[in-house]
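Record features (Swiss-Prot):
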- 488, 494: Mg(2+) binding site (BINDING)
- 555-614: domain 'KH' (DOMAIN)
- 624-692: domain 'S1 motif' (DOMAIN)
- 702-725: region 'Disordered' (REGION)
């Protein structure tokens, strides 16, 4: 007899075996499901408040995806040895899970819902995001909370003309596509992808393929609910106050229709605030008791009805455009005098100032991920301060939205970046959104590409991005190019497409309704290509190609190779040699384990000097070669002479001159410069030198110290450069 009512479902999903269970762990949560995909194990829990907070006018869903270091057999770093603030990957995965779940909660359901996902075990080859999304959907499904799911999800790769279902990390690295799609049995709700300039048909095919394959997971969730699901909540939306709706419509509809004739955002926003206040005041005068939140919801529905109706009727959009027109574009490059690269990209009332900075390998971001530590040479940071929308607000660390928008823009640009061996710089792009009225992430893509080109980064092609919208009513639909912020809020689909002339590099899609077909998506993608090509034309006209020279303020770099065994000599004891080198030459020096050395500096002379000194430190002494040496120490039987950095040899007393030498001090002194020939090197690295052999070969001479003030070898023909090492 067990105290648990444990339900387990197993199914084969592509190349992976999936195990899904509920009823044993986290039983006090509204719903809890563990999903195990070949040792990647996640626990998703859901808890919902029994009633909404007073005055609540939105659905308060929170999703927290948490990676535990013990999942990979690690102990956290730092002083406290605990997991700290969410990593960028945790934030992005939380958003990935939130986006397909949120539209499926019924309208009017305002109870707090919290979804928490813990990664308990990680197989480095199996990413945890798809298991986490499946587990979250299953936990909601078994909880009985009002939810129009379940949701399925799949990752799709593309290689050699074939789609790959839930590829491993190794397969993703070799794939031309990394696409995540989520949806219900009937409809796609969310797409997130990065691609290597693939066509619209290939991208749409991947979405359809992923939706077909996720049905296996959806069916397994249905089976789990049948055996282990909790009773469904007895919940119904609050009845609509038809009398209030009629009164608010009577007062507000004509005013709102007038407001939406204003084409400028700030004027329209000001007018809308006035209308909301006017409606509240007139209701109070009429003695109508009404909750402010309820009135606001009615007015919002009226706004949506006006905007959607105008567009579906073929009337101009909010700002006067038709459905296909892109807003006016203005581009300016080299905006900031000391930055390595910069561009100001303005499209209508959306504006991004994007700045590129070049650095060395030591500037790479080191990411301590669960699957293993790695380095990232390309960073893109997106910031949108409140003034961009004419508002006041908090300024500080980036919010989830900013991290997500930055990641989307980064995905769009990665496929056109040069490889490390072609352009060894670390690159950081910062997109400062200075104005926003829709599509700021796509403005970051356009401005980011131009800033890279302004910095002299040899990108493979121009990349442009455009945000698209869709309005669907029954069998009628309209696709909108380059949407405004209001069109985003009032529409049924928001999708962003970025790419080059050759194809798509990033696609993000969020769908709020379940009636969007493959044919509608096909029309939308074709119209998005039209908009993208228009923007690419404007960008190519403003900057046809990347600058051939870097900014005067950017570091220059040279690369050299040494034997890995010599690395320790370049670094020196406790780093003394490398520290002295960087300080004295004004350079930054990075040394890789394979012996690759990168020297960076704004000074060409400093780089050349650092390279010369490293070559000297790592040079191998060659038997038969003549070197310019320095006498370091006199011995009874000879002298120690330095011929290369870290390379000392013995000049025996018999190898100074042909005649017999009674006292070495008669011929040499410490600090004296002499030319010596390396005549022997044994297996232990001990070197034997000869001064007389060098004199004979070069035709020089040396005099005893007692007979002259300059006891050095007589001038001879200059040695070749390799002898001067």
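Using the three backbone atoms N, Cα and C, a Cβ is placed for every residue, glycine included.
Counted within 10 Å of its Cβ, the other Cβ atoms near residue 494 (Mg(2+) binding site) come to 21, all protein chains included.
The Cβ of residue 488 (Mg(2+) binding site) lies under 8 Å from the Cβ of 438, 467, 469, 494, each of which sits 6+ residues away along the same chain. Note on the domain 'S1 motif' (624-692): DSSP counts are 8 helix, 36 strand, 25 coil.
In this structure, residue 488 (Mg(2+) binding site) is part of a helix by DSSP.
In the domain 'KH' (555-614), helix, strand and coil residues by DSSP number 32 helix, 16 strand, 12 coil.
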